[in-house]
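Each remark here refers to the structure printed beneath this line.
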Amino acid sequence: MSVSEFMQHLANGTSLGSLYALMAIGYTMVYGILRLINFAHGDIFMIGAYLTYYGIVYTSLPWWAVFILAPVLTGIMGLILEKLAYKPLRGSPRITVLISAIGASFLLQNLGTLVFGGRPKAFPIPKMLSGTLKIGGVSIAVISIVIPIITIILLLTLTFIIQKTKTGMAMRALSKDFETASLMGININKVISTTFFLGSFLAAVGGIMWGIKYPQLVPLMGVVPGLKCFIAAVIGGIGNITGAVIGGFILGLGEILIIAFLPTLTGYRDAFAFVLLIIILLVKPTGLMGERQAEKV
Amino acid sequence: MKNNNLIKSLIIIGLTIIALIVMNKFLDSYLKRIVNLCAIYIILGLSMNLINGFTGLFTLGHAGFMAIGAYTVAILTMPVAMKEMNFYMKPMVPFLLNLKMLEIPFLPPAASEFLWFIFALLMGGLLAALCGFLIGAPVLKLTDDYLAIATLGFSEIIRIVFTNTQSITNGALGLKGIPPRNHLLWAWSFAILTIIFMYSLMSSSYGKALKSIREDEVAARSMGINLFKHKVLSFSIGSFFAGVGGGLLAVSIGTIDPALFKFSLTFNILLIVVLGGMGNIKGTAISAIIITVAMEALRFLDEPINIGPIHTNALPGLRMVVFSLILMIVIIFKKDNVFKSTLQKARGRYAKDR
Amino acid sequence: MLKIDNITMKFGGVVAVNQFNASISKGEIVGLIGPNGAGKTTIFNMITGVYKPTLGSIIYEVNENEEDITGLRPDKIAKLGICRTFQNIRLFKELTVMDNVFIGNHLRLDSGVFSAVLRLPKYRSEEREQFEKSRYLLEKVGLYEERDEKAFSLPYGKQRRLEIARALATDPKLLLLDEPAAGMNPQETQDLMEFIVDIKKEFKLTIFLIEHHMEVVMGICERIYVLDHGILIKEGNPLEIQNDQKVIEAYLGVE
């Protein structure tokens, strides 16, 4: 493999990793607070992409406005999802809520098929973001550079929100000790809503960039990335945001580079994440950055 | 009293068999397929309920085990010529290609075929059970949602492997022309046997031990129950029946490909189990029939509607929207009742005292 | 029968039990007392394999065989004949009273799962024995009438007795009781004491118990270990314990 080819793969893997990271954050934040795998998160990502599609194709808004508006709307949808599918089940066995989440995921997928149609839609890519750059003989897609930059900006913003704002502090408190924190006068509903909003917002941004990178939208587009990003969150240590980002990059880079070096494995690309998941669960179930919780008898 | 129950069960089984024979004679092939699917989903629902409902292990890998059973049965029962026709992209491994029915001496061919098919189904089940055993050994130490995601992962891995091992499974093209076994008594005999097996297992000491694991793992192991052994046992038996169900599905629909065994198949079974009640044998059997029939009956939702002056376009997706809603409504409004006896205790509750 | 040698249990930086030593002889009733949070249940958890001690060893002697059971799996320890009850009652709540006891005897079952499903003769005779045993134990603890009730529907005191019956169903040689009299009124406590002495005699048990009710400890225990902040502060017979300055301080606090 030539150096320039390798650099291309690296850029490709980094941008894929960034996308995984954006989505993994949503899983990890929700799991941190509610101990719930939000199965519908991948479908929220799909909805973010579709909303953007409709915004650009059917309204006269400039593309950048749609790129901001669509994630906000998706965030609100995420928040509504929590109110309808998860909130009524607080205090129920965890598995019950997990089943509700699986139901919600299927509901969104099929609503997607119903409303958006099952046929693939071509994502309208803004001119500015298409094309390739040539850097020292290596041609790299513009989007492969834009994605990591946007990811970093969003991550810094998120870190600020979590570390410095009151809601962010409440989030951290809830994920450390739900019971105690809720007795301390924290408005649980508000914090949970914020969590879902932020997670869904990031997923939608991921969806938009996914659409630019792989410009074909189908209602089931969120399923596989959704599972993989949950896996990324587990690899990093679920509940830990830094871990989710690291997990996302490990997965994105790993997936691309393994195929780059061993092209015979191309067909097994989607299996990589699952194999990694199982190895991690067996070797270090708490993930790379997770903490262990002792069982009380 | 015990004898009374036995007599009652025998009468029910007898009537069912008569009804099946009558139906087999008069129903058209479409309706027969639905009746067959009911039996297959009973087997699948019960096998998932054994793992999820009775033992309290939340697993989502059923589609994968079904795929193993389905492919095993297909490869064992398809004639060599049919296999050659299927594998036009890449030839099949000669060993598998030449696998064919053993003619048993002194038996009429029909009897040989009969026995061979049963052998194929059992092989499908056993291979699925073996996979269940191998997979279960490492992952059953995980709990709750980790176990769910790990088993889902395995099921996906199986599917991806089947898509890529072209010379064994014919890859994404799938297998067509699996010799059909449409007589209703096939699938239903296995369904009835599965029901009897589950009743017998769950009322035995082993079944009770499985339930105790669901109730309280810490107490169960302190009472000398080897958690690992019993969990693997439950998981392997469940996988066995999933494999048998997959095999029956293959001979009922005649065509299989990896896309058939996606997570949505597991979802259907989960729907049956949740509706029928976790840890409820009778409920699962009834809900399997209801869901299967409803899935077919509501197919019209996906199609264009023309009732008098009302015309709508085809609405693909509407049917599954309805089923997802049913699942969510059941789970939200029945809440704990769905798990009548499941999973409260030490496992912690969602966002309360975890 | 049981030799506990210098066991220590650390959780992260917290030392829950520090170098605890004890030995129990066959046929004794031994008490373990101490203020809340002293590490008593942690010791039970180490003996029964729920926790693996950070340091130290636990030697179990049965039929003249010495066996190191330190860190062994709980089900293996139960099979060797050590069984327990739990401080915060851990019955199989949704199962019937009968099933709870029945499951206790599952570990002695020889037949495999297929002989159970097919109801082969060997399994059937084993099951009959298992059932008879459960029935006897339920009669013993006075719960036979309630055999078909779900365990959670029993009143508290009966749940405690059911837990003991379940533990007895495992055929233990050493029985660990974690606060058996918790939440009982004086009459129930009195009955419980007689019951413990009675089962000890009938099943040839050795009993190690944690208890806060002093009348129980002083009434039936032959020897007592006192634990405070994870450290053994005194060992002796009831009389010695009652008059020990250190023990009194541990309970009443000291200025």
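Backbone N, Cα and C atoms are what each Cβ position is placed from, and that goes for glycine too.
Remember, predicted model here, so these are calculated numbers, not experimental data.
As written in TrEMBL, here are the features:
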type	residues	note
TRANSMEM	B:6-27	transmembrane segment
TRANSMEM	B:34-51	transmembrane segment
TRANSMEM	B:63-82	transmembrane segment
TRANSMEM	B:114-140	transmembrane segment
TRANSMEM	B:183-202	transmembrane segment
TRANSMEM	B:232-253	transmembrane segment
TRANSMEM	B:265-294	transmembrane segment
TRANSMEM	B:314-333	transmembrane segment
Inquiry  = Could you check whether the transmembrane segment (B:34-51) and the transmembrane segment (B:314-333) come into contact, where contact means at least 3 Cβ pairs under 8 Å with the two residues of each pair 6 or more apart in sequence?
reply    = no
Between the transmembrane segment (B:63-82) and the stretches B:6-27, B:183-202, B:232-253, B:265-294, B:314-333, the largest tally of CB pairs under 8 Å belongs to B:232-253
The answer for the transmembrane segment (B:232-253), taking Cβ pairs under 8 Å and residues 6+ beyond its ends, is 33, 36-37, 39-41, 43-44, 46-48, 50-51, 54-55, 57, 59, 62, 65-74, 77, 117, 120-122, 124-133, 135-137, 140, 175, 178-182, 186-187, 190, 194, 201, 206, 210, 261
Most Cβ pairs under 8 Å to the transmembrane segment (B:183-202), of B:6-27, B:114-140, B:265-294, goes to B:6-27
Counting only residues at least 6 beyond its ends, the same-chain positions whose CB falls under 8 A of a CB in the transmembrane segment (B:114-140) are 57, 61, 64-66, 68-73, 76-77, 101-102, 104, 107, 147, 150-151, 154, 158, 181, 190, 228, 231-232, 235-244, 246-248, 251
